[in-house]
Amino acid sequence: DVVIKAQVLAGGRIVFSPEEAKLITKQTGAKGRICNQVLVCERREYYFAITMERSFQGPVLIGSAQGGVNIEDVAAENPEAIVKKMGFPSNIVDSAAENMIKLYNLFLKINFDSNSAYRQKIFDLQDWSQEDERLHGGTPANFLDVGGGATVQQVTEAFKVQAILVNIFGGIMRLQGTRVDDAKILACDDLDEAAKMVVKLSEIVTLAKEAHVDVKFQLPI
């Protein structure tokens, strides 16, 4: 009893009749994959992989008596197939162990989610923001990156400057009901009105500094 396996980088390739043979699986994409070779072998497979286990933050070896399929499907539909002892015949134990050691030594897997690609430019946001100011003759005093652990007091104190450049790309934390929302100094739905309030606030702070007067103010939120 043998199987014919298409040699493409995708799972779910084993079929049980010619009518099922397709070059399109859920791992190949709609366009499928070009197959240049096939493998004819005995209908006996093992699944073996190395993955990261969160509970102890280290690699773990996964073995299954059902090869050629996604291990996620096996775990959900047939968990007893994931075995603690592989049950290799004695004549292939040494060969299997050697392959496992080689696989472990090569263990490295990086997955990139294409939906997260847009976030990469966020880390350049600081340089871009400060560079724009310098090109127009300004000198940024600070770049504020508000993390998830920022307190209301920290956010409020950080805004005690003469001018504020708020440059937001996407946003990592929610604004509704969060510390950022609680610590806001000015709240205005109209951008023109908000700009006027910022200018007036800046003028007041400037005059106070020139007069060496410590002015405290409170605006309605």
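Every residue gets a Cβ built from N, Cα and C, even glycine.
Per Swiss-Prot, the feature domain 'ATP-grasp' maps to 1-122.
What Swiss-Prot records for ASP1 is site 'Important for substrate specificity'. ASP1 (site 'Important for substrate specificity') counts 5 other C-beta atoms within 10 Å of its own C-beta, drawing on all protein chains shown.
Residue environment of LYS5 (ATP binding site) contains 18 other Cβ atoms, counted within 10 Å of its Cβ in all protein chains. Positions annotated as ATP binding site by Swiss-Prot, on the basis of similarity to another entry: LYS5.
Annotation comment: Swiss-Prot describes LYS22 (among others) as N6-acetyllysine, evidence class similarity to another entry.
Annotation source Swiss-Prot lists N6-acetyllysine at LYS26 (among others).
Secondary structure from DSSP puts SER114 (phosphoserine) in a helix. Neighbour count (other Cβ atoms within 10 Å of the Cβ, all protein chains): 6 for SER114 (phosphoserine). As annotated by Swiss-Prot, phosphoserine applies to SER114, with the evidence given as similarity to another entry.
Neighbours of THR139 (phosphothreonine), defined as other CB atoms within 10 A of its CB across all chains, total 7. In the three-state DSSP classification, THR139 (phosphothreonine) falls within coil. The phosphothreonine annotation in Swiss-Prot covers THR139 and rests on similarity to another entry.
Sequence annotations record features per position, and here Swiss-Prot assigns substrate binding site to GLY171, ILE172, MET173.
For LYS196 (N6-acetyllysine), applying a Cβ distance below 8 Å and a minimum sequence separation of six or more within one chain yields no residues. Taken from Swiss-Prot, the feature N6-acetyllysine applies to LYS196 (among others).
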Out of ASP1, LYS5, THR139, which of these recorded positions is nearest SER114 (phosphoserine) by C-alpha distance?
LYS5
Measure from the CA atom of THR139 (phosphothreonine) to the CA atom of ASP1 (site 'Important for substrate specificity') and give the result in Å, rounded to a whole number.
76
Reduced to three states, what secondary structure does DSSP give LYS5 (ATP binding site)?
strand
Give, as a single whole number between 0 and 100, the mean pLDDT over the domain 'ATP-grasp' (1-122).
73
For LYS196 (N6-acetyllysine): DSSP state (helix, strand, coil)
helix
